[in-house]
Amino acid sequence: MSPPLELDYIGLSPPVPAAADAAADNDLKGTELRLGLPGSHSPDRSPPAATLDLLPAAKGAKRGFSDEARPLPASAAAAAAAGKGKKAAAGEEDEDAEEEDKKVAAAPQAPAAKAQVVGWPPIRSYRKNTMATNQLKSSKEDAEAKQGQGFLYVKVSMDGAPYLRKVDLKTYKNYKDLSTALEKMFIGFTTGKDGLSESRKDGEYVLTYEDKDGDWMLVGDVPWEMFANSCRRLRIMKGSDAIGLAPRAVDKSKNRN
């Protein structure tokens, strides 16, 4: 009895054997689109086997840990060391510059230069110094002259008095007016006397003054105008302390006259 035939009622194609599949794949490779120049054939690539070896590095892909851990060549290491040395040297230079700036800021400033005289033809140094000194003296004299034109206040002190007073010599015309004013200022400090004039008569207190030169002299030994211009300070001192002032005052007034 013959075996029954299988009829394809659904329209299925008969199964193709494996050899036929391989031939079909070869035919498809011939018509496959590939990148390359005309007439060139790229080699066939076989799929990699399933092994534990590291995959070859693809072009443009990230590097793996093994590639990163590779040691640098000697030239690259030398270049890196040179770069670090330059950075360290630059840092040291910056620190040195900062220290120099601090030293310059902490250094004391130079004193102001003295007044110098400039001229042509060139002036010698000793003449410059002489002319500068003369200018300073003239400026001081002008200041003193201006002071003499206005008010002339001088300090007045008395031995035993706890305070000082100031008087304007320009407001008095003679020694008598000045003595009367001082008597009113220091009344009460002359023990056992009616006033300063009585004490002066007895020699207990003497009116003295300090002149421009810093010398102490008795009041009344020179003309009033000369006294008013040269007086810098008044002092009512005890007669025992004024011993020796009168001769000096007389000699000085004679030299001025």
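Cβ atoms are placed via backbone N, Cα and C, with glycine included.
The region 'Disordered' annotation in Swiss-Prot covers 1-51 (among others).
What Swiss-Prot records for 33-37 is motif 'EAR-like (transcriptional repression)'.
Marked as region 'Disordered' by Swiss-Prot: 85-119 (among others).
Per Swiss-Prot, the feature compositional bias 'Low complexity' maps to 105-118.
Broken down by DSSP into helix, strand and coil, the domain 'PB1' (151-239) contains 28 helix, 25 strand, 36 coil. Per Swiss-Prot, the feature domain 'PB1' maps to 151-239; the stated evidence is sequence analysis.
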- Item | Tally of DSSP helical, extended and coil residues in the motif 'EAR-like (transcriptional repression)' (33-37) | 0 helix, 0 strand, 5 coil
